[in-house]
Amino acid sequence: MYKALKVIDIGSKLWLCNTWKSNLARAITTSSYCKIKEEVAKLLALKAQLTNDAPPQKFVLKTPKGTRDYNPQQMAIRNSVLQKIISVFKKHGAECIDTPVFELKEVLTGKYGEDSKLIYDLKDQGGEILSLRYDLTVPLARYLAMNKINNLKRYHIAKVYRRDNPAMTRGRYREFYQCDFDIAGQFDPMVPDAECLKVVTEILDSLDIGKYILKVNHRCLLDGMFEACGVPAEQFRSTCSTIDKLDKSPWQEVRTEMINEKGVTPEAADRIGEYVRLNGSTELVDKLLQDEKLSKSKSAVEGLQGIKLLLEYCELYGIKDKVLFDLSLARGLDYYTGIIYEAVLTEPIKIGGEEQSVGSIAGGGRYDNLVGMFDTKNKQVPCVGISVGVERVFSVLEARLAAGELSVRPSEIDVYVASAQKDFLTTRMRICNELWDAGIKAEQPYKKNPKMLNQLQHCEENGIPLAVILGESELKRGLVKIRNIVTRQEDEVPRDKLVEELKNRINMLNINVNGLEK
């Protein structure tokens, strides 16, 4: 009995001890939590005080690196260029498509070789890893594969994005337009390829931006050349990317990179150097077909025969004199499989008082395996296309504008409705409405009683060729005046014949509705 009571007493004491410890720990925890909460509140208050006391940070208002704004004159140049390019695309039967400005990252990955590092990646948005499009070619291949399209002649004009080092004066940006023309489908060798070159020449001739040359080469020839020079097959693409830098860097720098970074032996690099210095026409093709090393390479012979056929078709299209077979042309993108080409201005242009080389203004080639990369059954749709680098074209034209060699009409207004006296606002508005309904581009001053001199100055500053001048005495006689802003000649015409007379004069003036005049 005593032992049992003793055990109970000891158990009670233990229970009381554990309960006391638990309550003490809870009290300490609560106390610590309150103290921590109190300290956090003090820190937040101090932060708010420091933020309020700190001077406002200076915000630099600018466009992001590698981008720019376009003023009305520059946009007039841009729209004129794009309209000319589109007219050539349509003349050759191309249809227009559009694709998203961003793609799934896996669509773009592995298509651009060393340039893949220039792709803009986006943050995860709802479970999809996305990137801004690098060009318009890979999205086209995805579009063809996804929609099971085997034949298409398309054009696409849109912005692309590259995390490159910009050179603004030379038209090299991180956000820029590309104008693409592509022919997809199984056709006879070099027939669509030659038409792509014809399209480039028509565009550059219509833009009249200077003398140019179309450099052509063949990926099979490059691979055969590397093989003949002793470069391992697994190094073909990386070596090709290095050769592609010859338009920007001297041969010695390119040779050093091939040896030190790409693992090409000095002997192989020197042999490559002997070939990439060569350029010419059909005669060079025939000479290389007899070359001891290249003639043993099946790939090189295939490329040379392709070049020879292309030059024959170029002669039929009347453009052979503008085409140069150049073994230094490589184009570093991995997806090219056949003919490659690039349009280059042969003369520097003056930008900001200095002569600068603009470089390539169009490029492209054949890519027969790209669509198959997106098809579940690896079904191939052969493609060939060109891309016009319009930003560099804009740079050339803007330089001419700055030099006074080009005049631009930012506005396409043909007629300005003016008044010589007060209280003619409602009459001006009625006439404007009448002209708009007749399809005439017209505007009026937004002041009720504008000064006549200011109205005429507005016409001169904005290149508006005609003005309708309202006066009380003329209106009473059923007449209005039409003024030629350039010649300053004024003629009275019947009010009810105003629309007809204006249309005739606009046609006679042969106004360039595209806003660009030389």
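The backbone N, Cα and C atoms fix where each Cβ goes, and this holds for glycine too.
Over in TrEMBL, the protein carries these features:
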DOMAIN    66-410  domain 'Aminoacyl-transfer RNA synthetases class-II family profile'
BINDING   D135, L136, T137, R162, Q178, D182, R331, Y335, Y336  L-histidine binding site
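For the L-histidine site listed in the record, the two most distant Cα atoms among D135, L136, T137, R162, Q178, D182, R331, Y335, Y336 lie 21 Å apart. Look at the binding-site residues T137, Q178 and count other Cβ atoms within 10 Å of each Cβ; Q178 has the fewest. Each residue in the domain 'Aminoacyl-transfer RNA synthetases class-II family profile' (66-410) has a pLDDT score, and their mean in this model is 90. R331 (L-histidine binding site) is surrounded by 21 other CB atoms, counting those within 10 A of its CB over all protein chains shown. Counting Cβ atoms from all protein chains shown, D135 (L-histidine binding site) has 19 others lying within 10 Å of its own Cβ.
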